[in-house]
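Peer 1: So TrEMBL has the following annotated:
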BINDING   B:L20, B:N27, B:K156  xanthine binding site
DOMAIN    B:41-157  domain 'Phosphoribosyltransferase'
BINDING   B:A128, B:N129, B:G130, B:E131, B:A132  5-phospho-alpha-D-ribose 1-diphosphate binding site
2 protein chains.
Amino acid sequence: MKLLKEKVMNEGIVLGEQVLKVDSFLNHQMDPMLMSEIGSEFVRRFAGEEITKILTIESSGIAPAIMTALELRVPMIFARKNKSLTLREDIFVEKVYSFTKRETNEITVSKKFLGANDRVLIIDDFLANGEAAFGLARIAEQAGASVVGIGIVIEKSFQPGAKLLQEAGYRVDSLVRIASLDNGTVTFVE
Amino acid sequence: MKLLKEKVMNEGIVLGEQVLKVDSFLNHQMDPMLMSEIGSEFVRRFAGEEITKILTIESSGIAPAIMTALELRVPMIFARKNKSLTLREDIFVEKVYSFTKRETNEITVSKKFLGANDRVLIIDDFLANGEAAFGLARIAEQAGASVVGIGIVIEKSFQPGAKLLQEAGYRVDSLVRIASLDNGTVTFVE
């Protein structure tokens with residue numbers, strides 16, 4: 001996706017060999033026109049999959065996920081990272097470890113909103129070790145739903161997430177794939 | 001806003017006299033078509049204000065805010081509730097007390113994304129005591145920006161937030177205003 005690649009090149013800030021900061025258009029400030037194009041691109045890539053629900057996780061997944069859901073005219077669900085006071089019961093729970101924050105969160109989805117007839121597209125902003133995507137997939141599977149695929153805005157292909165998800169049988173489709181952040185430079189997968 | 005009122009009537013769950021749960025279309029599962037209409041309605045209500053930035057707070061504010069930003073073709077910024085590892089410096093910080101969660105969070109916005117020339121529309125999903133909206137407004141003002149108004153999806157008018165914000169000089173425009181949740185029933189402000 002050319003526009004996204006340009007944004008990463010022009011505005012991404014490399015912080016060491018593992019971390020790419022894209023808080024001018026994706027993780028803090030958001031570019032709504034780009035989010036809309038990202039939604040259209042996911043719809044194009046997963047065409048014919050008869051998706052019934054978009055599933056993401058708060059917070060940076062919400063904007064690309066709602067744009068995808070809008071174009072498909074299906075509901076979007078965002079998993080919460082902690083149990084909130086008003087979501088006490090009837091929830092699916094999975095543990096997700098965050099390497100960035102060095103902590104384990106419980107992610108939760110209400111059982112009301114996912115069922116055995118659902119065909120779920122998982123959307124997230126970044127894919128690194130795959131922890132969040134695996135957690136979301138396990139939640140969909142707890143519900144008996146089918147995971148049609150995992151759509152990622154930026155994949156750090158030098159980390160194991162994409163490979164592990166594919167080995168587990170999931171279709172992973174990433175809009176931008178980064179081969180390396182070495183020497184302060186973004187190198188894309190050809 | 002008729003469609004939103006109907007959603008609140010048909011899908012809102014009253015939990016006591018203070019809490020309205022709308023997690024089927026706003027706070028957990030989200031209805032993207034409704035979010036898009038909410039964005040259009042905010043644009044209509046704040047027409048002519050020459051808005052340059054939409055400011056909200058994670059997580060439930062993000063979807064209505066990105067839809068508003070998309071129609072205005074301006075950036076959206078979501079304040080984070082905790083300092084993240086990749087947002088260490090050059091940030092505006094305000095303390096915000098959550099009555100629902102009974103805890104004080106620091107909300108943060110990077111100084112890169114708000115400046116003295118900005119005309120900021122604050123968007124949030126709920127208005128109760130006004131803590132989050134005041135925190136966002138103070139952040140915009142720390143940046144020297146103008147707050148053109150505060151757009152709220154659901155105002156609980158029996159709680160003091162709207163009145164306090166208006167007394168402080170802010171324009172508050174809420175799409176749905178709830179007079180009471182007594183007796184398990186949603187009563188709207190006429």
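Quick reminder: no glycine exception, Cβ is built from N, Cα and C everywhere.
Heads up, TrEMBL stuff is auto-annotated, nobody curated it.
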Peer 1: Take the C-alpha atoms of B:A132 (5-phospho-alpha-D-ribose 1-diphosphate binding site) and B:K156 (xanthine binding site) and report the distance between them in angstrom, rounded.
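Peer 2: Cα-Cα, rounded: 14 Å.
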Peer 1: Please give the xanthine site's span as the largest CA-CA distance among B:L20, B:N27, B:K156, to the nearest whole angstrom.
Peer 2: 15
Peer 1: Using Cβ atoms only, which residues of the same chain lie under 8 Å from B:N27 (xanthine binding site) while being at least 6 residues apart in sequence?
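Peer 2: Those within reach of B:N27 (xanthine binding site), by Cβ under 8 Å and sequence separation of 6 or more, are B:K21, B:S60, B:D125.
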Peer 1: According to DSSP, does B:L20 (xanthine binding site) sit in a helix, a strand, or coil?
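Peer 2: Once the DSSP labels are grouped into three classes, B:L20 (xanthine binding site) ends up as strand.
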Peer 1: For B:K156 (xanthine binding site), which residues in the same chain are close in space, meaning a Cβ under 8 Å from its Cβ, but six or more apart along the sequence?
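Peer 2: When sequence neighbours closer than 6 are ignored, B:K156 (xanthine binding site) has B:Q18, B:L20, B:F126, B:L127, B:A128, B:I178, B:L181 within Cβ distance under 8 Å.
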Peer 1: Specify the secondary structure state of B:K156 (xanthine binding site) as given by DSSP, simplified to three classes.
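Peer 2: Where B:K156 (xanthine binding site) sits, the three-state DSSP reduction gives strand.
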Peer 1: Three states by DSSP: which one describes B:G130 (5-phospho-alpha-D-ribose 1-diphosphate binding site)?
Peer 2: coil
Peer 1: Check the domain 'Phosphoribosyltransferase' (B:41-157) for me and report the mean pLDDT.
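Peer 2: Mean model confidence (pLDDT) across the domain 'Phosphoribosyltransferase' (B:41-157) is 93.
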Peer 1: List, in sequence order, the residues of the same chain other than B:A128, B:N129, B:G130, B:E131, B:A132 whose Cβ lies within 8 Å of the centroid of the Cβ atoms of the recorded 5-phospho-alpha-D-ribose 1-diphosphate site.
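Peer 2: Here the non-site neighbours turn out to be B:V96, B:F99, B:L127, B:A133, B:F134, B:Q159, B:G161.
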Peer 1: Among all the protein chains here, how many other CB atoms are within 10 A of the CB of B:N129 (5-phospho-alpha-D-ribose 1-diphosphate binding site)?
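Peer 2: Step by step: centre on the Cβ of B:N129 (5-phospho-alpha-D-ribose 1-diphosphate binding site), count other Cβ atoms within 10 Å, giving 18.
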Peer 1: Apart from B:L20, B:N27, B:K156, which residues in this chain have a Cβ no more than 8 Å from the mean position of the Cβ atoms of those residues at the xanthine site?
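Peer 2: Here the nearby residues are B:G12, B:V19, B:K21, B:V22, B:D125, B:F126, B:A128, B:I154, B:I178.
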